[in-house]
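Asker: Please read through the structure below; I'll follow up with questions.
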């Protein structure tokens, strides 16, 4: 019992600052993997890949090579920002009725998640390889060494993993549950050692033979057989779907906010564009003067969020399949018109999508994302930065596993019903298409062009407002990244604003209601992290709602929190 209490204690330590490299990640074992690579002379990209692979082992509920990822990379020598799209893709056999039941009606989201049909062709390994070719230095196999050790030698089950196993693994197959169960079949206790020799062997093969060993040959056939012969919702994936999958160089999406340049992931992620819209719509308001403790400031934040989510739901999808009015959504006149709808003294009674320049006919696509994601931030001693968000969608993904690795349920990020009010929705299922995402790995550049902040988050569609909040807190309210991440959140994807339970935001409820806000206090699944440049040194922040840490290149750690700090459901 004393051990459990100790693990739940919040450690209010100052944020970590380092002259050399730094890693912020959701688990200390993963952060240590990244630091190990930095100390071997690896770049930020090298360390980010090693961190991701370690998270695959110690955070199986959140991410892994059975899922997808987005990279935003900054090359300090070239002073260039690039992005990599490793989003999962639908099998070519998929069509608009992919998630229809025997009765000819769309399945509910909860019924669509378990089994093979929700599994998209994984993109994480291809994304890692492309990112490594652009920003890596150490040999590919070296990046796998920490994760292989963790899987082979074992790691202590964290409170967060134990909680996920106990509460969110009901849809996981017996084979998947057995990976993290004791002899009695129950989830491994906190502190128990979990070993995954199958996963270690898989990682060793990919380390030695490269990503093709996952996408072509026996490993690809094993994955296809698993999803196509699933007991629930069998798929129609082929080995050709895996062999033809490619990670993509996407145009970096950049905008400005108060003379800072912000670069993020573009479509098929909706996260970057939505973050930029929230910020640009707020730029005419003096958020700095209002301050972080002002109910009006948070009311304005909620209003701007509503407008951004409405446009996001209407227009965003896979740019290879649908026309997206990207320039129109950030057009100054359009932004000004949307911002004019926001008032300081009252809330909007009705929020609808606008009509930006170049907008095609669309219909609102309902949001159904659930939190099953992780994020990480890395900087090296040369000034290179990698901000990555990676996911398997829901907790433990589809519930299926291959060689000790969970497979995603990313295809439920598509809109299950393809038609609404007589229109095809932008985010409908199509063969080869990548589902819309909310992931928003972002890098913020100061007016002098130097990296000021790199920030990302997990938590489904709350990712957008987590990232926007952090940027406002750093730029307008001059908070350290650690404090910015820790601020309580207001999440308003629609008319009702969700107030994060157990935070300072709850005290604002009466004032927000007086402004016409419809509010509901609720736990939110939040998990963000960041790094920032402070006085020529790298500083890091990790979320006080998670087990995240900031680890300096010399191995010293600022441990921010353990699970149980706030009554939140986990942002797995």
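Using N, Cα and C of the backbone, Cβ positions are placed for all residues, glycine too.
Per TrEMBL, active site, nucleophile is recorded for 373. Positions annotated as L-glutamate binding site by TrEMBL: 87, 413, 437, 438, 460. Under the heading region 'Disordered', TrEMBL lists 349-372, 543-572. The annotation signal peptide is assigned in TrEMBL to 1-19.
Looking at the shown structure, what environment does each listed feature sit in?
Answerer: In the three-state DSSP scheme, residue 373 (active site, nucleophile) is classed as strand.
All protein chains shown were included, and the count of other CB atoms within 10 Å of the CB of residue 460 (L-glutamate binding site) stands at 27.
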Asker: Do you know offhand how many angstrom separate residue 437 (L-glutamate binding site) and residue 373 (active site, nucleophile) by C-alpha?
Answerer: 11
Asker: Roughly how many Å lie between the Cα atoms of residue 438 (L-glutamate binding site) and residue 373 (active site, nucleophile), rounded to a whole value?
Answerer: 11
Asker: In whole Å, how far does the CA atom of residue 87 (L-glutamate binding site) lie from that of residue 373 (active site, nucleophile)?
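Answerer: Rounded to the nearest whole number, the Cα-Cα distance is 13 Å.
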Asker: For residue 87 (L-glutamate binding site), which DSSP three-state class applies?
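Answerer: In the DSSP reduction, residue 87 (L-glutamate binding site) maps to coil.
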Asker: How big is the gap, in Å, between the Cα of residue 460 (L-glutamate binding site) and that of residue 373 (active site, nucleophile), rounded to a whole number?
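Answerer: A Cα-Cα distance of 7 Å.
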Asker: Which state, by DSSP, holds residue 438 (L-glutamate binding site): helix, strand or coil?
Answerer: coil
Asker: Taking just the CA atoms, what is the gap between residue 413 (L-glutamate binding site) and residue 373 (active site, nucleophile) in Å?
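Answerer: It is 13 Å, counting Cα to Cα.
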